[in-house]
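Below is one structure, written out as structure tokens; comments come after it.
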């Protein structure tokens, strides 16, 4: 770290964002759009918002994050809607709480459009540079950054979004080189600066599969995976929707020969060979991990996905590996359809430094250094969507910090985004964190379709939702409310022709009469069925019809979950004293005292979600707080 009195600044900004990946772009755009003079520093101006692994956005829980970022005024959803190659709804046979939109994207088009957006954003400057040091003020607050070549920039807040570049090292077999990703050098010096400031850092690992030439594969031996006929959208803004021809993906499977090659050469893998000890992502394992962990499984699905419309590269999803390059081609050619494939880029593993996010407040500002924020993979997450969500949170709060406004904590019962940040800041995570629907106890309320209803009013209040978007939002909500009123008020009689037809076709009798809302509550009956009987409203958009149907069909479950939230919230939002020394609370278990003192939760709800803190500890803590408050009030009463 460098102290302010020894630095000459070249320029001054309100906010500096370090790293221009998916987190950095959201953070920089948010601060700039909120009126802060922002500098976005990146190692390579040609790799802004690059998708170094799977060029895709969405999937289970990740699509909810993408919708939520858009609802707040962010960019990732718009980008996916502009650049998709294929779109599919996953889990469509299940309830709306777990529906997941996934888009395969054109990675070069995605990066080019995002680069154009950040280059033309008012209040935002971009520059190629490697940040190696932080400049601190007299009170150990951040006041600037210094680059590898000795240039310093002044600022009031810094957002670190360094991805896999901090101390990055890529591995192919037992060969390694310093790099944040293939062909790009690692960031040096910043980890050492953070360690000197007292931050704990650790190492994590991830990987990416080989890329093959699409002209060298035989699709006839694979299973076709087409996109959905009805295209859905991540963004709530129709102006960014682009109707385009979809490209197919394909599926193949591993064979006994694939498994033999991997098992016989496990000792050549960087992890199984003992050269890399960093923990990899549990929910996106390498192919060698799959073979070891699922010994009884005879075959694994492998998806063959295009990386762009105008390039020959195919992404081999589910086949990431750190095995030697000369072995990788044999493995690829053991897959049906890839017997004669040409490998364009080898697979590799990458290990990198991260900061356990328990060192951050839920605002994503660090606890040790005022004005320093962290977002994305540096916080121990994996995935573009998780990174983008943290980026917009850090950007919003950095802008508010600069303006001396109260920073925003997103409660976990309000959004997946809030669940993500809350988990990161309260749980001692030692492996890359991926968002899952199962991580949210409120997932029935936190659906993709109502992300705007939950977050757009907040985005408007913050200043990221303009008048046009606000009008779109309010009209949609008015239409849904009006349609629900109509559905509750309109009745179908059993003796009407339409009533007889419905009873006959559904094999369910109508006794006297029934409201359209009660029809929608019936299993297997949907709004499209109302249309079939001339009972729908043709003036509504698909999103408005779906919103009304879901609210009515699941109203009982929604009300029950809302009641649970309110009950928990009565105690969960209770503030914990900042100066509370948990080691002195003898009624807490030893582990709870240690964990609580390390994390320093802001509320009872956060304390309850810390690993190692059980319900008995929470009860003991509540009793302690009551006794402390009583003692304080007694002391005040005794004063003359």
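Yeah, the Cβs are placed from backbone N, Cα and C, and that goes for glycine too.
Residues annotated as FAD binding site in Swiss-Prot: 19, 20, 21, 22, 23, 24. Taken from Swiss-Prot, the feature NAD(+) binding site covers 280-294, and the record attributes it to sequence analysis.
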Would you mind ranking the binding-site residues 21, 24, 280 by how many other Cβ atoms sit within 10 Å of each Cβ and giving me the lowest?
-> 280
Per residue, counting other C-beta atoms within 10 angstroms of the C-beta, which of the binding-site residues 22, 282, 290 reaches the highest number?
-> 22
If you measure residue 290 (NAD(+) binding site) to residue 21 (FAD binding site) at Cα, how many Å is it?
-> 29
How many Å lie between the Cα of residue 20 (FAD binding site) and the Cα of residue 288 (NAD(+) binding site)?
-> 32
Have a look at the binding-site residues 284, 292, 294 and say which one has the shortest Cα distance to residue 23 (FAD binding site).
-> 284
Nearest by Cα to residue 282 (NAD(+) binding site), of the binding-site residues 19, 22, 24, is 22
Note down the number of other Cβ atoms within 10 Å of the Cβ of residue 19 (FAD binding site), including every protein chain shown.
-> 31
Cα of residue 286 (NAD(+) binding site) to Cα of residue 19 (FAD binding site): how many Å, rounded?
-> 26
Other than 19, 20, 21, 22, 23, 24, which residues of the chain come within 8 Å of the FAD site, judged by Cβ distance to the Cβ centroid of those residues?
-> 17, 25, 26, 27, 42, 49, 161, 163, 376, 387, 391
Cβ atoms near residue 23 (FAD binding site) (within 10 Å, other residues, all chains) = 35
So for residue 284 (NAD(+) binding site), how many other CB atoms are inside 10 Å of its CB?
-> 19
Residue 280 (NAD(+) binding site) versus residue 19 (FAD binding site) - Cα distance in angstrom = 22
Chain-internal residues, separated by at least six, CB under 8 A from residue 294 (NAD(+) binding site) = 300
Whole-Å Cα distance, residue 292 (NAD(+) binding site) to residue 22 (FAD binding site), is 32
